[in-house]
Structures are given as C-alpha cells and as structure tokens.
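So that you can see what the record holds, here are the features copied from TrEMBL:
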type: COMPBIAS; residues: 271-284; note: compositional bias 'Polar residues'
type: COMPBIAS; residues: 583-600; note: compositional bias 'Basic and acidic residues'
type: DOMAIN; residues: 332-422; note: domain 'BRCT'
type: REGION; residues: 271-294; note: region 'Disordered'
type: REGION; residues: 528-556; note: region 'Disordered'
type: REGION; residues: 577-600; note: region 'Disordered'
Amino acid sequence: MPKHYRPPGKKKEGNVAKYVTRSQAVKLLQVNLSTFRRLCILKGVFPREPKKKVKGNHHTYYHLKDIMFVKHDPLLEKFREMRTYDKKLKKAVAKKNKDLYERLRTRKPTYTLDRLILERYPKFADALRDLDDCLSMVHLFAALPALERENIEVKRIHNCRKLSHEWQAYIARTHKLRKVFISVKGIYYQAEVEGQKITWLTPHALQQVLPDDVDYNVMLTFLEFYETLVAFVNFKLYHSISVKYPPILDPQLEALAEELYALSRYLDANTRSSRPSGSNQVESQENEKQHDESDLRLAQLQHQLPHNEPGALMHLVEDAAGEDEEDEDTKECENLFKDMKFFLGREVPRESLLFVIPAFGGIVSWERDGAPFREADQSITHQIVDRPTQGHIFLSREYVQPQWIYDCVNARIILPTEGYLVGRVPPPHLSPFVDNEAEGYVPDYAETIKHLQAAASNEVLPMPGTVKEDLEDPQRLLVEGIIDRAEANEAAEKKRKMATLEKQYHDELKLELEGAQYSSSMINQNMESNAASGEAREKPVPDLQQIADDSANMSKIVMSRKKRRLLEAMEIGKKRKQANVDLLKERKKKSEAGQSSKEK
C-alpha cells in the first residue's frame with residue numbers, strides 16, 4: 001500500500017482539509033470572481049500562506065473556515081438577488097417592455113453594512129485602531145473628480161468630503177492633533193483619540209489625474225465599507241462630546257463650500273449649549289447624582305461592588321460626578337496659538353491650515369465670502385502668505401510662510417519668524433515621524449529647535465563636545481562599536497598627554513613643598529626628562545581595531561548558526577544605516593560648499 005494512500009470516504013487531513021484555492025472557493029460559494037472579491041473585502045477575509053501548498057505555488061489559498069464564514073453570511077444571498085435583478089432588468093430592456101422596466105426600477109434590492117461593522121469591530125478601540133487606511137481612502141476620494149466610466153459618482157465624492165470634514169472638525173474641536181508633515185505624496189496627519197494614534201494621508205489640493213492601471217472596482221468596494229465605518233466612528237465621537245449627529249450646517253456657508261468652518265461653528269454652538277449654567281446646572285448635577293446612585297444600587301444587587309470595602313459607594317459617586325480631565329498634550333496643543341489671529345492668503349493651502357490652526361487654539365480667517373473677519377482687521381497678529389510681493393502691508397502683523405505653522409506644531413513652541421519671512425528660503429521641513437537619535441544623524445535645524453525647546457522650558461543642556469564617553473576607556477568604546485578607530489587613537493593620545501601634564505604638575509608641587517629654588521631652565525629640563533622617561537615607559541598604543549575584530553570573532557565562534565545569521569543581518573542593517581548617514585553628511589558638505597561659492 002502506498003504511503004499517502006487514502007481510502008475512499010475517509011476524512012481529509014492536514015493542509016488539504018484546512019485550505020482551499022480561490023477557484024475551489026468560488027465554486028463552493030457559487031458566485032463569480034468579482035462578487036467573491038467583494039465579499040472577501042467586506043467580510044475581512046484575506047488569502048493565507050500554508051506551509052505546504054498542495055495544489056502548487058501558482059494558486060491563491062484561503063482558509064476553509066473563512067470561506068464557510070462567508071458562505072453563511074446573509075450578504076451572499078443579497079448579492080444573488082441583486083444579480084438576478086440585473087438579469088431581469090436587462091431582459092426587460094432587451095424586450096422593450098417599459099412597464100416591466102419601470103416596475104423593476106422601483107424594486108431594486110438594497111443592503112447595509114451596519115451589521116458587518118459591529119461584527120468586525122466589537123469594541124470602539126478596535127475600530128479606531130483600524131482607521132488609518134480608512135481615513136486615507138476617504139480623503140483621497142474626497143479630492144478626486146467624478147468619472148462615469150470608472151463608476152465614481154458625484155454623490156460618492158460629496159459623501160467622502162462630508163465625512164472627512166466631520167472628522168477634521170472633531171479633531172480640531174477637541175485638540176487631538178499631534179503631528180503634521182508635508183511631503184510630495186500629500187500631507188500626513190497624526191491624531192491621538194482615546195489612547196489610539198491614528199495617522200492618515202491627505203492629497204494636495206491640486207488637479208488629480210486618474211491612472212489607467214488601477215482597478216477602481218476594488219477601491220470602490222473598500223470605500224463602500226470605509227464610508228460606513230467612518231460614519232459609525234463620527235457618530236460615536238460626536239455623541240461623546242454631547243453633539244447631535246449628523247450635524248446641521250448653515251446653508252449659506254454650505255453654499256459657499258465652507259463646510260469645515262460651518263462644522264466648527266456648529267460644534268462650538270452645541271458644546272456651549274450643552275453646558276448648563278446657574279440653577280439649571282445645580283438641578284442637572286442633582287439629577288445626575290441621583291441617577292448615578294440608582295446605577296450603583298443596581299450594580300450592588302448584581303454583585304459588581306465589593307461589600308467589604310468601606311466607602312466604595314462614595315468613591316464611585318465621586319468618580320462619576322467628576323469630569324474627565326484633559327491630558328497634558330491636549331492642554332499644550334490647545335494653548336500653542338492662544339491669543340493669535342491668522343489671516344490666510346489665496347495662494348496657501350487653505351483647507352489644511354483651517355484644520356491645523358484651530359486644532360492648536362488659534363483663530364483663522366481667509367479672503368472669501370463667509371469669513372469671520374476681514375484682512376483689514378487690526379487685531380490680526382500673523383498673515384500666512386506665499387508670494388514674494390504684497391499689495392498692501394500692515395505694520396502691526398507679521399508676514400510668514402505656511403511652513404512656519406507646521407514647524408511650530410511639530411516643535412510645540414512658537415519658533416522665531418526670521419527664517420520664514422516672505423521671499424526667504426525657509427529652513428528644512430523636518431519630519432516628526434523620524435527619530436533622529438535612532439537614525440544616527442541629527443540635522444542642524446533639529447539641534448536648533450532642541451535648544452529653543454530647552455530655553456522655552458527653562459532646561460539646561462550639556463555643553464557641546466562634552467559627553468560621557470570622553471572620560472571612558474577608548475579601547476572598550478571601540479570594542480563596543482561606539483567610536484571608530486581614528487576617534488579611539490585620538491582619545492588615547494589625549495589621555496596620554498593628560499597623564500604627562502598631570503605628572504609634571506605633581507613634580508612641580510613636590511619641588512615647591514621641598515623649598516627648592518627652580519628656574520625656567522630647570523622646568524624645561526624636568527619637562528624634557530619627564531617626556532623622555534614617559535616615552536621610555538610608555539607602552540606602544542595597541543591596535544584597537546584588531547582587538548575589536550578578535551573579540552567579535554570569538555563571540556561569533558561560540559554562536560549557533562541561527563544566531564550568527566541573525567547577527568549578520570543586524571550588522572548589514574547597521575552598515576546600511578551608516579551608509580545613509582554618510583550620504584546625508586556628504587550632501588550637507590556639498591550644499592555648504594555650494595552656498596559658500598555663491599557668496600564669494
């Protein structure tokens with residue numbers, strides 16, 4: 001009997017029973033390939049990589065449990081009904097039966113994805129954790145033009161724009177924005193909502209060109225799910241600050257395409273009206289306290305409170321009555337642009353600045369109808385422009401480039417405006433998502449910002465050039481890879497000179513205590529004799545690089561093969577990182593040389 005012989009009727013085992021190919025899954029579900037892809041996207045089913053590919057390497061495999069999960073979903077039957085409906089509609093059109101066609105148009109089957117959202121994200125933190133790609137996709141389609149041949153409808157674009165503005169209005173109102181970075185791809189934002197860091201990308205406000213090598217049907221399926229998810233998240237977040245959702249906007253501002261400003265006004269009005277004042281506030285606090293006490297009694301009946309702990313009820317009442325205090329980051333962000341008024345020029349990225357400036361406590365206006373205040377307002381402190389010449393200049397305000405706003409946001413301090421004045425080349429725009437210390441290269445402007453932050457917080461930084469490694473053994477530092485061979489030789493020479501000077505100082509003190517009369521010639525003679533004796537007693541400087549190589553080789557010998565390969569991979573990564581640092585230093589030298597040649 002062959003080794004892998006399986007009698008007929010016996011149950012399958014191993015990877016054959018666990019995984020199925022895509023063609024087998026399509027045959028099992030009895031749908032076409034496009035419907036199968038759509039179901040997998042909406043249900044969150046993705047291909048797997050089995051250890052042993054039974055059907056070969058050229059197949060796509062899915063877990064059998066995932067396919068059975070899709071098979072028993074009500075959405076599958078709804079898609080079958082929609083496919084049948086499309087066939088009936090085409091048949092009525094082909095037969096030119098107008099009455100049947102009109103009846104069928106009013107009976108089109110519909111479906112919602114609300115159940116899938118609750119199924120895939122049982123907790124709100126799970127939805128926030130999976131919101132990065134969702135927000136990027138929604139902001140992308142909010143900037144795309146409508147295109148009929150790709151089934152990108154105008155209604156879809158308007159819905160994405162509405163959802164993105166609602167999200168930005170909440171982040172700006174609660175001051176949850178943390179980082180901003182402008183790149184070639186677009187503008188990166190990072191916010192922190194309920195302990196979850198959410199990063200998304202917004203395209204630049206330019207004319208978007210749709211490439212032909214993109215499958216827009218797959219993207220529209222993802223967008224269909226993401227729209228529902230963002231609507232659920234916005235609903236939860238708006239209700240957390242006691243604001244009704246969906247918001248009701250001012251029709252005049254909405255007609256002027258100022259949805260973000262209309263949303264900010266709506267949030268300000270509703271949050272203020274939701275705060276009770278005077279006697280109403282006292283009555284509402286008493287009602288809330290009675291409601292909390294009834295909840296606590298119910299919890300005690302359900303054995304949810306410790307009976308033996310004294311004062312447990314009182315502690316819970318105090319916790320329920322107390323308001324949630326804002327964290328330090330939120331307070332710092334809220335007061336960054338406090339008591340500052342900004343006016344935006346026509347050439348700057350208006351939507352981005354309308355989102356960023358209020359998120360950090362500033363007041364902003366622009367040059368269009370529906371703006372809060374005009375350009376001639378004397379209380380404006382900064383005007384954001386990006387043109388070398390201005391028609392009219394007000395002496396009571398500063399004219400800066402838009403990069404100043406983003407750099408101040410990332411540094412969390414108000415930076416000097418001298419480098420960002422109109423007509424000047426601004427400093428480099430540093431990414432807040434890069435850890436310069438871990439990368440091994442700290443730009444000069446990052447050091448400048450660090451010193452400005454220390455001065456703002458009244459901290460004292462160490463003197464430049466005085467580090468802890470200067471006082472340690474250069475041989476050990478070379479072995480550990482902290483310094484290279486040239487730095488180790490220089491440190492050893494410096495240590496030898498310090499020892500010689502120290503010995504000379506002690507000899508002079510000894511002569512002075514003995515009362516001996518010595519002249520400058522005696523001092524020089526003693527110095528020469530000390531130097532000669534020091535050179536005679538001095539040991540030759542060992543080859544530190546050879547010592548480091550020997551110790552590394554000895555440690556590699558006793559390693560297993562797996563650990564040795566891991567160490568080699570780590571060394572390759574360090575060399576690659578060092579090569580990038582060297583490239584940046586070389587570019588810096590070339591740029592400095594070019595600037596010096598231009599000045600000459």
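Cβ from N, Cα, C; glycine included.
No curator has checked TrEMBL annotations; they are predicted automatically.
Long-range contacts of the compositional bias 'Basic and acidic residues' (583-600) within its own chain (CB-CB distance under 8 A, at least 6 residues past either end) are made by residues 441. Per-class residue totals from DSSP over the compositional bias 'Basic and acidic residues' (583-600), listed helix then strand then coil: 17 helix, 0 strand, 1 coil. The predicted model assigns the domain 'BRCT' (332-422) a mean pLDDT of 90. In the domain 'BRCT' (332-422), helix, strand and coil residues by DSSP number 25 helix, 15 strand, 51 coil.
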